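Read through the structure below, which is laid out as structure tokens, and then see the notes.
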Amino acid sequence: MRDKVSGARRWVVKIGSALLTADGRGLDQAAMAVWVDQMVALRAAGVELVLVSSGAVAAGMSRLGWASRPKAVHELQAAAAVGQMGLIRAWESSFARCDQQTAQILVTHDDLSDRKRYLNARSTLRTLIDLGVVPVINENDTVVTDEIRFGDNDTLAALVANLVEADLLVILTDRDGMFDADPRHNPEANLISEARADDPALDAVAGGTGGALGRGGMQTKLRAARLAARSGAHTVIVGGRIEQVLSRLKAGERLGTLLAPECNRHAARKQWLAGHLQTRGTLTLDEGAVLALRQGNRSLLPVGVRAVQGAFRRGEMVVCVGPQGAEVARGLVNYSAAEAQRILGRPSDEIEKLLGYVDEPELIHRDNMILV
């Protein structure tokens with residue numbers, strides 16, 4: 001299974017607070033530079049990279065002179081606000097040293113649960129990745145409450161992995177991976193090298209919580225791996241203090257714990273789509289479009305659509321039928337019903353002229369479609 005790591009094209013890398021701070025005394029610039037060198041090397045090897053970075057609250061605590069993590073939400077938000085500026089500036093300057101462009105993205109779980117905002121975030125991230133930019137993502141701790149109390153960037157990283165359809169999620173932690181017993185108390189504990197993410201036996205060995213600076217223990221990392229597995233991504237939980245750990249993972253070394261999904265990314269995506277039983281509208285296709293979908297594994301373009309029915313919004317499930325009304329496919333549509341009415345039967349290069357903007361060149365992308 002390790003070839004799934006070395007051969008992964010799109011990585012989401014999550015780095016925890018403990019790996020970015022100097023024992024609670026602010027950001028460790030030297031450590032961040034080492035991480036950047038490894039990530040730039042991954043980029044040079046053809047890896048598309050998204051970074052999910054913890055550390056804003058920890059950095060803010062240091063700047064404010066707080067020795068322990070506060071419990072009051074408004075104090076946590078203040079620390080996040082103070083620390084986020086230093087955190088993103090540190091990443092930007094370190095990446096700039098290697099001529100690597102970065103982008104800051106602050107999100108909440110709500111941004112990824114609302115379908116329209118989810119699609120907008122996905123489009124932005126895809127564009128940044130296509131441009132060769134490394135997005136640096138953090139949870140917007142300054143404006144949320146429940147996430148600060150109960151959330152964690154492990155979960156956020158898994159949601160981002162689903163969002164960008166990553167092949168691999170790497171969760172870097174202060175432990176070397178998952179063990180069959182707690183290595184802090186049992187010297188006979190063995191590292192679990194590989195397992196299925198859905199293996200129920202893992203629940204018994206994933207006890208424990210995060211440290212003083214972070215908030216995600218091994219249980220949250222296991223939950224994150226299972227969440228990422230829903231879209232077919234593999235997850236490696238690995239020690240961030242292992243020298244050149246990212247480069248060595250890319251080289252195929254068996255480091256950390258590799259948690260595999262039940263099925264590959266493409267199959268997982270199709271299963272997820274098949275589970276959407278409720279449809280919001282119907283697109284009637286011409287014979288050419290039907291043939292392209294059935295034989296060519298193509299996306300559905302506006303030029304092949306003859307009629308639109310229903311009141312659907314962007315991102316909702318619609319049915320595609322042929323000229324005689326027989327169902328051909330169903331999928332997630334990139335434009336609302338009103339927008340689809342205006343562009344049906346027209347080539348994709350006219351979308352911007354007709355609507356004043358263009359989100360995607362296709363009505364339904366083939367990755368968001370299942371044939372019937």
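Placed from the backbone N, Cα and C atoms, the Cβ positions cover glycine too.
Per Swiss-Prot, the feature ATP binding site maps to K14, T173, D174. For D174 (ATP binding site), the count of additional Cβ atoms within 10 Å of its Cβ stands at 15 [all protein chains shown].
The local packing around S54 (substrate binding site), expressed as other Cβ atoms within 10 Å of its Cβ over all shown chains, amounts to 30. The substrate binding site annotation in Swiss-Prot covers S54, D141, N153, and the record cites sequence analysis as its basis.
Here the domain 'PUA' (280-358) is broken down by DSSP into helix, strand and coil counts: 28 helix, 23 strand, 28 coil. The domain 'PUA' annotation in Swiss-Prot covers 280-358, and the record cites sequence analysis as its basis.
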Mapped DSSP class for N153 (substrate binding site), helix or strand or coil: helix
Rounded inter-Cα distance in Å - D141 (substrate binding site), T173 (ATP binding site): 20
Arithmetic mean of per-residue pLDDT over the domain 'PUA' (280-358): 94
All-chain count of other Cβ atoms within 10 Å of D141 (substrate binding site): 26
Packing count at N153 (substrate binding site) (other Cβ atoms within 10 Å of its Cβ): 28
Listed binding-site residues among K14, T173, D174 whose Cα sits within 10 Å of S54 (substrate binding site): K14
Top Cα neighbour of N153 (substrate binding site) in the set of binding-site residues K14, T173, D174: K14
